[in-house]
Amino acid sequence: MLSEKTIEIVKSTVPLLQEKGVEITTRFYEILFSEHPELLNIFNHTNQKKGRQQQALANAVYAAATYIDNLEAIIPVVKQIGHKHRSLGIKAEHYPIVGTCLLRAIKEVAGAPDEVLNAWGEAYGVIADAFISIEAEMYEEAAHKEGGWKDFRNFVVVKKVKESDVITSFYLKPEDGGKVSSFIPGQYVTVQINIEGETYTHNRQYSLSDAPGKEYYRISVKKEKGVDTPDGKVSNYLHDHVKEGDMLPVSAPAGDFVLNMDSTLPVVLISGGVGITPMMSMLNTLIEQDSKRNVCFVHAAINSNTHAMKEHVEAVDNEYEQVKAYTCYSAPTEKDLEMKNFDKEGFVEREWLQTIIPTTEAEFYFCGPVPFMKHINAVLTDLGVKQEHIHYEFFGPAASLQ
């Protein structure tokens, strides 16, 4: 239990964290990887280079300071981060290392006096204990489920399917021939990649793109091509070099962006680009479980060349009366225009969305590029959708949709 004095000191640093949070977390990662380079086998190098992880950590530290007198308020965030940590294999022994490096960064960047550093040291201990406790439960749950396991398990690529010009699916079965654990639609796995010539292992988290209950897991990966940045190292490696019969270490499913199976409300699934992957798991689960809930499936893509799983969604739309699917192309091809195989040209605008969603009294799930998600979140909020019915997933470190 933290003393009132400690709480007061930590809360007094909130303005400082608001101003210098990213500077502190940037320095923190420099210290961490300089002194513990083995941790580069866990963290996403691309997110480091683009500053995403630094921003996400700064947001988390700021929230911890703000709610240090009521940590229950940030337990949902702790659980969300905990899912990622468990999926990546972060353990209790990593927390003291992180704490030491974080305090050094606060001292170096902010020139914090000993009183502040001591208070933050105490606060970090309490916060770390919360993470360790929650993550320990997650490790136990993942390991003790039927077909479950701890850390990483070798899977074989039994099938590789090109879904569009940019997205390819990988069907994965356990190398040991055992069962795979069930999961909740919307969850993801971490795939571990060792690229020849690279010093460190690469970990990437991919949504499971089919319903649970199969003998395999399916992930569907976009080949990331950079415009002003390098191409996605791991996604390009998977597309170009990983073939059927190859082996990939995979973590047990994790994540809290999940379909609410207890709700009876209609479901609206909105995706942009590769954000379609968790939506496919949700859609397939609803139809395979013979759910009577109305489903509105909205997908935005550049055109039919980049549109993955198009034929499958159209088949579901035709076969199941309760499912209505809509497609929006920002730059349709001449063939698209001739075939009229989409519903709207341009973007998913408020006026159009309002005409196709059955009701605002529904469970809304969306995923895609961050600008797309910010727009959808603003539209749904403007339409009066209740916050508890708005669910979304970031592909990468959490960011703000405001």
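Placement of Cβ uses the backbone N, Cα and C atoms for every residue, glycine included.
DSSP assigns Y95 (active site, charge relay system) to a helix. Y95 (active site, charge relay system) counts 19 other C-beta atoms within 10 Å of its own C-beta, drawing on all protein chains shown. According to Swiss-Prot, the feature active site, charge relay system maps to Y95 (among others).
Taken from Swiss-Prot, the feature active site, charge relay system applies to E135 (among others). Following the DSSP three-state reduction, the secondary structure of E135 (active site, charge relay system) is helix.
Taken from Swiss-Prot, the feature heme b binding site applies to H85. Over all protein chains present, the Cβ of H85 (heme b binding site) has 22 other Cβ atoms lying within 10 Å.
According to Swiss-Prot, the FAD binding site annotation covers Y188, R204, Q205, Y206, S207, F394, F395, G396, P397. A strand conformation is recorded for S207 (FAD binding site) in the three-state DSSP classification.
Long-range Cβ proximity for G273 (NADP(+) binding site), meaning a same-chain Cβ under 8 A and a gap of 6 or more residues, is found for K222, A300, A301, I302, T306, G368, P369, F372. Feature annotation from Swiss-Prot assigns NADP(+) binding site to G273, V274, G275, I276, T277, P278.
Per Swiss-Prot, domain 'FAD-binding FR-type' is recorded for 150-260, and the stated evidence type is sequence analysis.
Summarising the annotation, Swiss-Prot assigns region 'Reductase' to 147-402.
Annotated site 'Involved in heme-bound ligand stabilization and O-O bond activation' per Swiss-Prot: Y29, in sequence order, evidence recorded as sequence analysis. In the three-state DSSP classification, Y29 (site 'Involved in heme-bound ligand stabilization and O-O bond activation') falls within a helix. For Y29 (site 'Involved in heme-bound ligand stabilization and O-O bond activation'), other Cβ atoms within 10 Å of its Cβ number 19.
Marked as site 'Influences the redox potential of the prosthetic heme and FAD groups' by Swiss-Prot on the basis of sequence analysis: K84 (among others). DSSP assigns K84 (site 'Influences the redox potential of the prosthetic heme and FAD groups') to a helix in the three-state reduction.
Annotation comment: Swiss-Prot describes E393 (among others) as site 'Influences the redox potential of the prosthetic heme and FAD groups', evidence class sequence analysis. Listed in sequence order, the residues of the same chain lying 6 or more apart from E393 (site 'Influences the redox potential of the prosthetic heme and FAD groups') and placing their CB within less than 8 Å of its CB are G186, S207, G255, F257, G275, P278, C367.
Take the Cα of Q205 (FAD binding site) and measure to each of the recorded positions Y29, K84, H85, E135, T277: the nearest one is K84. Taking Cβ-Cβ distances under 8 Å and a sequence separation of 6 or more, the neighbours of F395 (FAD binding site) in its chain are S207, V274, G275, C367. Non-local contacts of T277 (NADP(+) binding site) by the CB criterion (under 8 A, 6+ apart in sequence, same chain) comprise Y206, S207, L208, S209, I219, S220, C367.
Only H85, from the recorded positions Y29, H85, Y95, Y188, I276, place their Cα within 10 Å of the Cα belonging to E135 (active site, charge relay system). Ranked by CA distance from Y29 (site 'Involved in heme-bound ligand stabilization and O-O bond activation'), the recorded positions K84, Y95, Y188, I276 have Y95 at the top as the closest.
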